[in-house]
């Protein structure tokens, strides 16, 4: 962010500053052309001027940040002579532009002193020097610690545009350091920054909006910014003709929209916000497009915005970004469409807008874990509410792509993929198609995953597929293989001791027993380990006053007893009256 200030800090470079400084110092240090001393100086000042002229002649070999050169500069700084102060401030501005390094308080204190001058030229050059030094991380902290904010805030309120610009640019640089952000927020700087964000001077506007952006990276600072009235200004500036201003404001609003309370305020007061962001997704500048999509993503954490983005015709530009070749654009777009897809009323509009095939393609066209997660999560959301949409997701190749990739992708992606298959497996019409695609080849091994989520999702998919499927020949075929087959999965989950896993396994077992497939039932009946564990579960006692357990474990016990009834082993009555 340090580059934000460059437009203003370079304002002095329109002249050869070294020549300008020397020209200023020359008449002070010696005689004018007519032989008359134009300025009366104290001896130490005259000596300092003479020394400084010598240092400037050998500036390439001179370190102005310590020793005699700094001492000579400091003498000029603390002089009552404004010409000397001007020369000192110009020298500091020049040397800090070509040599930025960590400095100590002996260097910073003279510059901070110059900031308090009433002379515009001194203010302008001193703030330029301070802004240059504020590129260094250690200097940022020390400038604030030495009280640099107060004079910078005063300079932001200067009527001189150049002074404003340099002061805001310096605060922008200071605000990039985490240690400074809360101090800046409490310093009284936010009000002037918000006012200067509306400046007619584009350099000032850029620096001010950049500073506001830097203040949006923590909850407390965002709240102070919102309370200071930043939101209407940031929203208004989305229509700026300047790309940098667009970017800073879009990113700032994206950060502000992270907080639910701020989204509520935006919804109440900024009716044009969504339309402006949708428009910016068609910007010719990728970084603006990216931040516009991310801002919409954050807004779409709320149901109201999920619907509003679709109504504002946000889907076509999102689809274009999704099909971009630029990874950050793809990521921002797919993250946004994922949130929008959460609303059931958006499922069909998103499908009808042509998102299915590009989303499926993203699963295999990138190894970016975040993009893959968002893409498959979106596909799962789109399939959630209707069998029609589930079928369209299947036809788009989502299940085949998941089957091809799921054993190779990271655990987070595996979790999303298995969850998506589980949702699709809820459709009775699609179950035979899923089985014929060979999903057991991946679901059964994944019930042994190191991830509890992947295990649970895979088992849930197997359970959904086991209900009312009609033809159970694949269950018979895969009873023992792969990876121990259905038998091995049931055994592991029943033995897990986890009530949720036991519930899934026993419910699945009951569906298989209800299948009326004699071979399958025979396999189950001969599986002594499974039958023994089901009996153990069915024999558990549940006290009638243990209401919390009755809801979960009690249901598992009831399912276990039903399984035993199918196997010809009726349960014993074990419920104890209180």
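Here, residue 1 is simply the first one shown, and the rest follow in order.
Using the three backbone atoms N, Cα and C, a Cβ is placed for every residue, glycine included.
As the structure is a computational prediction, the values presented were derived from the model and not from experiment.
Confidence in the repeat 'ARM 1' (58-95), given as mean pLDDT, stands at 91. Annotation comment: Swiss-Prot describes 58-95 as repeat 'ARM 1'.
Residues annotated as repeat 'ARM 2' in Swiss-Prot: 96-135. For the repeat 'ARM 2' (96-135), the number of residues in each DSSP class (helix H, G, I; strand E, B; coil) is 28 helix, 0 strand, 12 coil.
The annotation repeat 'ARM 3' is assigned in Swiss-Prot to 137-176. Each residue of the repeat 'ARM 3' (137-176) gets a DSSP state, and the totals for helix, strand and coil are 31 helix, 0 strand, 9 coil.
In terms of DSSP helix, strand and coil, the repeat 'ARM 4' (178-217) has 29 helix, 0 strand, 11 coil. Residues or ranges marked as repeat 'ARM 4' by Swiss-Prot: 178-217.
Under the heading repeat 'ARM 5', Swiss-Prot lists 219-258.
Tertiary proximity for the repeat 'ARM 6' (262-301) is limited to same-chain residues at least six positions away from its ends with a CB under 8 Å from its CB atoms, namely 222, 226, 231-232, 235, 238-239, 243, 246-247, 250-251, 253-254, 256, 308-309, 312-314, 317-318, 320-321, 326, 328-329, 332-333, 335-336, 338-340, 342. Here Swiss-Prot flags 262-301 as repeat 'ARM 6'.
Per Swiss-Prot, the feature repeat 'ARM 7' maps to 303-342.
Through the fold, the repeat 'ARM 8' (344-384) approaches residues 306-307, 310, 315-316, 319, 322-323, 327, 330-331, 334-335, 337-338, 390, 392-393, 396-398, 401-402, 404-405, 409-410, 412-413, 416-417, 419-420, 423-424 of its own chain, all at least 6 residues removed from its boundaries and within a Cβ separation under 8 Å. Per Swiss-Prot, the feature repeat 'ARM 8' maps to 344-384.
Positions annotated as repeat 'ARM 9' by Swiss-Prot: 428-467.
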Notebook entry, point to check: Any residues 6+ beyond the ends of the repeat 'ARM 7' (303-342) with a Cβ under 8 Å from its own?
Noted result: 263, 267, 274-275, 278, 281-282, 286, 289-291, 293-294, 296-297, 349-350, 353-355, 358-359, 362, 366, 368, 370-371, 374-375, 377-378, 381-382
